[in-house]
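Visitor: Encoded as structure tokens, here's the structure I'll be asking about.
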Amino acid sequence: MGFRKKNKSPPVLSHEFVIQNHADMVSCVAMIILLGLMFEVTAKFAIMFITVQYNVTQTSEDKSEPVNFYHYGPKDIATVFFYMLIAIILHALIQEYILDKINRRLHLSKTKHSKFNESGQLAVFYLLSFTWGCSILTAEDFVTNPMFLWEGYPHNHMAFQVKFFYVCQMAYWLHALPELYFQKVRKEDIPRQLYYICLYIFHITGAYVLNVQWKQFTLWALLFVFTRLLTLTLSVLTFGFGLSRTDKQGFSLAEGNFNVLTVRMTCLSAICLTQAWMMWKFINFQLKKWREQTQLQASKKKAVSPKSRASKKDSSRGGSANGVMKPEDKTSPRARKPKAS
């Protein structure tokens, strides 16, 4: 990976060179953007990559001080690009200083090695996303008031931590696409990873653009089946019942309002189909695992049965040798010859 010590230096700009040094190259690009803040000419351009854009200051009746909110726009592409670079750097650091050290101790095969790396990276990301999402839900009182999913739609304005959460989510899943090349993922594993990467990008970006950001936080629950059911329930409540009863109905790009039957049914259908597909994959995986276990147990029983028969035969032979007389050993006229007179 990017920060490792290399014994051999491949040709410059070759595939192996890019793969081995990709984190260093990405770090240089990020440093150039950060250095742009030091100069007045480039500061306005560099700040578009680093800070969250489109802030709006509002005053509320409850608070005397003004509150900053944010909405989305084309400049968010630059911000997502910068944090995608950061995600690539963090990916290389986790790979080298955590996962590679564990791999050396476990001595895994190539197939298990790649799966362990994929699972390890996702475990770190899911843990951080779940913790961050729960803190946002608690701070915004979503747990005590789930009707906030559809009340006041369209949710044009977001708090800073909500928008930054979505920027980081989109940046992470976009960084997963070039990582397929950097990590030398096997060809047979690429379609499977592309499926869930594209699904995450589609749903997160769709929720961000359509101003239904709050629904997607439930995707970071711990239990798989419970998360699928909870996501389906909240999606039906939000798109099927909640948004259809709000005051603002219609389609308006200027206001960011997409509350029409076609958009609601399209979003609900996409979510339901995705959850059904994920449950189907989950059930097939569990069935495959169960079949493998039953076949393994059956093969163990077959391997044990010939050994038990052989041990019984050995014990019967040993018993005859230890004290049981054979028919030939008994005294008989043929065995003893008469003495000569």
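If you go along the chain as it appears here, the first residue is 1 and each next one adds 1.
Each Cβ is built from the backbone N, Cα and C atoms, and glycine gets one as well.
Remember, TrEMBL labels are computer predictions, not curated facts.
I grabbed these lines from TrEMBL:
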| type | residues | note |
| --- | --- | --- |
| TRANSMEM | 29-57 | transmembrane segment |
| TRANSMEM | 77-99 | transmembrane segment |
| DOMAIN | 114-293 | domain 'TLC' |
| TRANSMEM | 120-139 | transmembrane segment |
| TRANSMEM | 194-211 | transmembrane segment |
| TRANSMEM | 217-241 | transmembrane segment |
| TRANSMEM | 261-280 | transmembrane segment |
| REGION | 297-341 | region 'Disordered' |
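Help me picture where these features are in the structure shown.
Guide: Sequence-distant contacts of the transmembrane segment (29-57) (same chain, at least 6 residues past either end, Cβ-Cβ under 8 Å): 66-73, 75-76, 78-79, 81-82, 85-86, 89, 157, 160, 163-164, 167.
When Cβ-Cβ distances below 8 Å are used as the criterion, the transmembrane segment (77-99) is approached by residues 1-4, 22-23, 26-27, 29-30, 33, 48-53, 116-117, 120-121, 124, 167-168, 170-172, 174-175, 178-179, 182 of the same chain, each at least six residues removed from its ends.
Counting same-chain residues at least six beyond the ends of the transmembrane segment (194-211), those with a Cβ under 8 angstroms from any Cβ of the stretch are 72, 153-156, 166, 169-170, 173-174, 176-177, 180, 219, 256-258, 263, 267, 270-271, 274.
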